[in-house]
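Engineer: Just lifted these from TrEMBL, have a look:
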type: BINDING; residues: GLY75, VAL78, ASN82, ASN340, LEU469, SER473; note: Na(+) binding site
type: REGION; residues: 681-727; note: region 'Disordered'
type: TRANSMEM; residues: 69-87; note: transmembrane segment
type: TRANSMEM; residues: 99-120; note: transmembrane segment
type: TRANSMEM; residues: 141-169; note: transmembrane segment
type: TRANSMEM; residues: 225-246; note: transmembrane segment
type: TRANSMEM; residues: 258-278; note: transmembrane segment
type: TRANSMEM; residues: 301-322; note: transmembrane segment
type: TRANSMEM; residues: 334-355; note: transmembrane segment
type: TRANSMEM; residues: 457-483; note: transmembrane segment
type: TRANSMEM; residues: 495-514; note: transmembrane segment
type: TRANSMEM; residues: 526-547; note: transmembrane segment
type: TRANSMEM; residues: 567-593; note: transmembrane segment
type: TRANSMEM; residues: 613-638; note: transmembrane segment
Amino acid sequence: MPKNSKVTQREHSSEHVTESVADLLALEEPVDYKQSVLNVAGEAGGKQKAVEEELDAEDRPAWNSKLQYILAQIGFSVGLGNIWRFPYLCQKNGGGAYLVPYLVLLIIIGIPLFFLELAVGQRIRRGSIGVWHYVCPRLGGIGFSSCIVCLFVGLYYNVIIGWSIFYFFKSFQYPLPWSECPVVRNGSVAVVEAECEKSSATTYFWYREALDISDSISESGGLNWKMTLCLLVAWSIVGMAVVKGIQSSGKVMYFSSLFPYVVLACFLVRGLLLRGAVDGILHMFTPKLDKMLDPQVWREAATQVFFALGLGFGGVIAFSSYNKQDNNCHFDAALVSFINFFTSVLATLVVFAVLGFKANIMNEKCVVENAEKILGYLNSNVLSRDLIPPHVNFSHLTTKDYMEMYNVIMTVKEDQFSALGLDPCLLEDELDKSVQGTGLAFIAFTEAMTHFPASPFWSVMFFLMLINLGLGSMIGTMAGITTPIIDTFKVPKEMFTVGCCVFAFFVGLLFVQRSGNYFVTMFDDYSATLPLTLIVILENIAVAWIYGTKKFMQELTEMLGFRPYRFYFYMWKFVSPLCMAILTTASVIQLGVMPPGYSAWIKEEAAERYLYFPNWAMALLITLIVVATLPIPVVFVLRHFHLLSDGSNTLSVSYKKGRMMKDISNLEENDETRFILSKVPSEAPSPMPTHRSYLGPGSTSPLETGGNPNGRYGSGYLLASTPESEL
């Protein structure tokens, strides 16, 4: 050893000596750590902070129970999309036939990647930024992109909760305010509001009373003060739920995760007792097998799997990072995934039972309206009474009788039939009317509830369920933002969380303009989909191809106490990356073939019209996608060219002869590593990326040096390899 080395200085001096870990690994020989005071620290701004002191001071929160953790994961994954997007996709993509591609993709993509995120979060015990920095520093930008996507989603998602809050408070009146069209006075004459008369009472209430929507995204129209107040209430609720981290959000999850199942069960029982419910359920489960061959159906099923399980958002990783390392996350992945699928199917049964009831009512209404047209034609001699079957009774006209009469008139008056303006009034046509997203919840379902006995009660229950579903997802989304930032930059938790909520509220004012619903469409349908797909595929590549699937499987075996099924090896290594690459390509092609647009509500027409986004909106959309994905290439380039350190060259070791931080002489041999590296066995350091944990620019892997028995790095120092020392 050189005479002037710092380790030699230690032998002859009582002064502190500090040296970078990279230098120690490259230049120094083994020393007996039992005779030295060992501090591992990272220099930042010229200041050092001992990691041992930091670890002693840090008391990472943990879930109070396994039930609380499972409910948190269920609350995050089961959200509003299970209630309105999954039923719509079933209705659009072949009924029961849609369940086949969804289940296949859930098994080969959803569960393996959900298990992967649970495992890395639990093993490394950090948020998304720390996890992906730890697994592969050059892909450390994945964590930052996850935070940005969570921010984008949280901005508009809480607006939807605000809408639910508005409807919730409006439900405490009878009759429900959207059950009838408003009447306006024109002098002494009272007339029905024209916009409502052309559409429907529920449609009018949604677009005019709730949103007061403008005709296009280019017409701001100013703030909608009612929705602004509801947005403030929504962010206040979310802020109170997450301000203390899992100590506060964990308790909220007991209600927000379980209450929706109580409501769904009540609605299912009530719905099955409604006339026509069976028609709706049979329509839903009658498969249209030709849809299974449509690539678009598979693309939409894969996207729904991503959003349903919360893959790529960072919330799954954040929640699992508060687990003990011996938790069986393999079981958790399968349990939460199938509960999510079960919830989607249960919600679809409820929706189609209620929509079957609504379809029967609308069909009967159609029959009555068209029967009045026929009576008018009979009285004006446009139609002969000989065309009416003798058994038909107009005062008690059934759907079957109307169809018989309709077919006779169509056959006899073939040339003039179109001028009569008669509708076939087919139940199938009513059931085939696809209503997605907010339209399903705030128009179709609310209209059906107006025909329920005690309709205000059911309306209150329904919108309280939506609030809780949204709250559970928002808690996970906020965890995807706050946990990685707090872990990485050590900012004060309460102050940062409140600051995030305040910032998000003010940015969210964009969505409570009169044109705000169109911006919700932009963020929901386009801004998050591509970045999220890219994030998930890079997560898979980082673990399966860069870190190594075999090595990762070995890590899981050590952590879980058993080896996961070989199935996951092949899914992570080959099947999932291939499927996601195809999905990404299909999404890009889809954007090129069909330019992004939105459904605008035109007041004069009282109808929706599909409009393409103007140039400035397209520029905003592209900017959002670029901003969400930009951290990935930026971090990669900076670390590839050593312009940004992975943290190894700022780590240092301080030692001083003759002093002991703690009395470790009495520790058993097996406890020494535990003492230096962690406080409890469950928090023992993860050995995941030991091949690069302390590599600086141009350094050689410690694993390529001599295998000294005193330390796993080929050095006499037993250095901390936990994420805490790296970040």
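A Cβ is built for glycine as well, from the same backbone N, Cα and C atoms used for every other residue.
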Engineer: Quick one: which residues besides GLY75, VAL78, ASN82, ASN340, LEU469, SER473 have a Cβ within 8 Å of the Na(+) site's Cβ centroid, in sequence order?
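Structural biologist: Near the Na(+) site, beyond GLY75, VAL78, ASN82, ASN340, LEU469, SER473, sit ILE74, PHE76, SER77, GLY79, LEU80, GLY81, SER257, PRO260, THR343, GLY472.
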Engineer: Give the nonlocal contacts of the transmembrane segment (567-593) in its own chain as ranges (CB under 8 Å, at least six residues past its ends).
Structural biologist: 105, 108-109, 112-113, 115-116, 295-296, 299, 302-303, 526, 529-530, 533-534, 536-537, 540-541, 543-545, 549-550, 552-553
Engineer: Counting only CB pairs under 8 A, let me know which of 99-120, 141-169, 258-278, 334-355 has the most with the transmembrane segment (613-638).
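Structural biologist: Answer, by Cβ pair count: 141-169.
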Engineer: Is it true that the transmembrane segment (495-514) and the transmembrane segment (258-278) have 3 or more Cβ pairs under 8 Å, skipping pairs fewer than 6 apart in sequence?
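Structural biologist: Contact criterion not met.
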Engineer: Sequence gap of 6 or more, Cβ distance under 8 Å, 3 or more pairs: do the transmembrane segment (141-169) and the transmembrane segment (258-278) meet that?
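Structural biologist: Answer no: the transmembrane segment (141-169) and the transmembrane segment (258-278) share fewer than 3 Cβ pairs below 8 Å.
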Engineer: Return the residue, from the listed binding-site residues ASN82, ASN340, SER473, with the maximum count of other C-beta atoms within 10 angstroms of its C-beta.
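Structural biologist: That would be SER473, with the most Cβ atoms nearby.
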Engineer: Under 8 angstroms, Cβ to Cβ: which one of 225-246, 301-322, 457-483, 526-547 has the largest number of such pairs with the transmembrane segment (69-87)?
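Structural biologist: The listed stretch sharing the most Cβ pairs with the transmembrane segment (69-87) is 457-483.
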Engineer: May I ask which of the stretches 99-120, 258-278, 301-322, 457-483 has the most CB pairs under 8 A with the transmembrane segment (225-246)?
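Structural biologist: The stretch with the most close Cβ contacts to the transmembrane segment (225-246) is 457-483.
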Engineer: Between 99-120, 301-322, 334-355, 526-547, who has the most Cβ pairs under 8 Å to the transmembrane segment (258-278)?
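Structural biologist: Stretch with maximum Cβ contacts: 334-355.
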Engineer: Using a Cβ cut-off of under 8 Å, list the residues of the same chain at least 6 residues beyond the transmembrane segment (457-483) that approach it.
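Structural biologist: Long-range Cβ neighbours of the transmembrane segment (457-483): 72-80, 82-83, 127-128, 146-147, 150-151, 153-154, 157-158, 160-161, 164-165, 167-168, 171-172, 176, 237-238, 241-242, 245-246, 249, 252-253, 255-257, 259-260, 263-264, 266-267, 270, 310, 313-319, 321, 441, 445-446, 449, 493, 496-497, 500.
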Engineer: Using Cβ-Cβ distances, find the residues under 8 Å from LEU469 (Na(+) binding site) that belong to the same chain and are at least 6 apart in sequence, listing them in sequence order.
Structural biologist: VAL78, GLY79, LEU80, ASN82, ILE83, SER256, PRO260
Engineer: Using a cut-off of under 8 Å between C-beta atoms, tell me which stretch among 99-120, 301-322, 526-547 contacts the transmembrane segment (334-355) the most.
Structural biologist: 99-120
